[in-house]
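Trainee: Here it is: the structure, laid out below.
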Amino acid sequence: MTAKLIDGNALAAQVRAEVSGRTAALKAKGVQPHLAIILVGDDPASQVYTKHKAADSEQTGLKATLERFPASMPEADLLARIRALNEDPSVHGILVQLPIPRHMDTHKVIEAIAPAKDVDGFHVASAGALMVGQPGFWPCTPFGCLKMLDSIGYELKGKHAVVIGRSNIVGKPMAMMLLGRDATVTICHSRTKDLGAITRQADVIVAAVGKRNVLTADMVKPGAVVIDVGMNRNDEGKLCGDVDFAGVKEVAGWITPVPGGVGPMTRAMLLVNTITAAERAAG
Ligand code: GUN
């Protein structure tokens, strides 16, 4: 192995320690930072994710309230509950776990969250703020990826960063964050022709497609930094990313593992956004 590993678990622990410090400072001023998590329906994965989010919050001193509703909940009731949380000054962050039941309009539900409490960073106001470089909330996964690049002291200015994937919650915001750091950014996607010809020019590659082996060793410039956002299962049912880790680690300069890479960082950045929301509210 030639690549150095960027350890998401270790970095996430550092981030949580920083959040704990900020939480303690706010509590000393009489403010209890509070994240409201809404889960509609009983999707098994969502139940696990929301439990983790609540446990992570409590571990760093943030109060987390997990509100569970049946899948049959009318959309109007969910919107009313979100509006009530928007108005509640004791709540600093609101997260509606996705996916929500199909009779609900995801866009409408996310837009109902007050931008000042949008700790997922999914609201159009958050996306717009990132686009124009104004304070807002950055989506947790790309924010975590940026933090990983910062953790190795990587200077993005003038570097060519290639993002594979154009989703609203990872690819697009990731590209904006890298652009904000003066990288030259290329966004590739499922219709990109000759992906390898583009990725071979990259100093930094962020793979966020949701498909195994999207990035193989022959597609990577020696020494490049490779961030793997993928969460897939291989034929043996083991968790794996979008990157052919075994091959790419022999070429890359730095690489993130799956598991233990971007996943823990995504969880940690939600805590950062929540304490940030509470600090802003406290003034
Ligand atoms: N479902 C899967 N990932 C996420 C996430 O980051 N936020 C929310 N709200 N729902 C999700």
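Just so you know, glycine gets a Cβ as well, placed from its N, Cα and C.
Okay, these came from TrEMBL:
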type	residues	note
DOMAIN	6-120	domain 'Tetrahydrofolate dehydrogenase/cyclohydrolase catalytic'
DOMAIN	139-281	domain 'Tetrahydrofolate dehydrogenase/cyclohydrolase NAD(P)-binding'
BINDING	G165, R166, S167	NADP(+) binding site
Trainee: So how many other Cβ atoms are close to R166 (NADP(+) binding site), meaning within 10 Å of its Cβ?
Mentor: 18
Trainee: Sort the residues of the domain 'Tetrahydrofolate dehydrogenase/cyclohydrolase catalytic' (6-120) into helix, strand and coil with DSSP and give the three counts.
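Mentor: Within the domain 'Tetrahydrofolate dehydrogenase/cyclohydrolase catalytic' (6-120) the tally stands at 60 helix, 18 strand, 37 coil.
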Trainee: Around the Cβ of S167 (NADP(+) binding site), how many other Cβ atoms lie within 10 Å? Please give the count over every shown protein chain.
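Mentor: The Cβ of S167 (NADP(+) binding site) has 17 Cβ neighbours within 10 Å.
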Trainee: What is the three-state DSSP composition of the domain 'Tetrahydrofolate dehydrogenase/cyclohydrolase NAD(P)-binding' (139-281), stated as helix, strand and coil residue counts?
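Mentor: Counts, helix then strand then coil: 54 helix, 26 strand, 63 coil.
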Trainee: Tell me, how many other CB atoms lie within 10 A of the CB of G165 (NADP(+) binding site), whichever protein chain they belong to?
Mentor: 24
Trainee: On the 0 to 100 pLDDT scale, where does the domain 'Tetrahydrofolate dehydrogenase/cyclohydrolase catalytic' (6-120) sit on average?
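Mentor: On average, pLDDT over the domain 'Tetrahydrofolate dehydrogenase/cyclohydrolase catalytic' (6-120) sits at 98.
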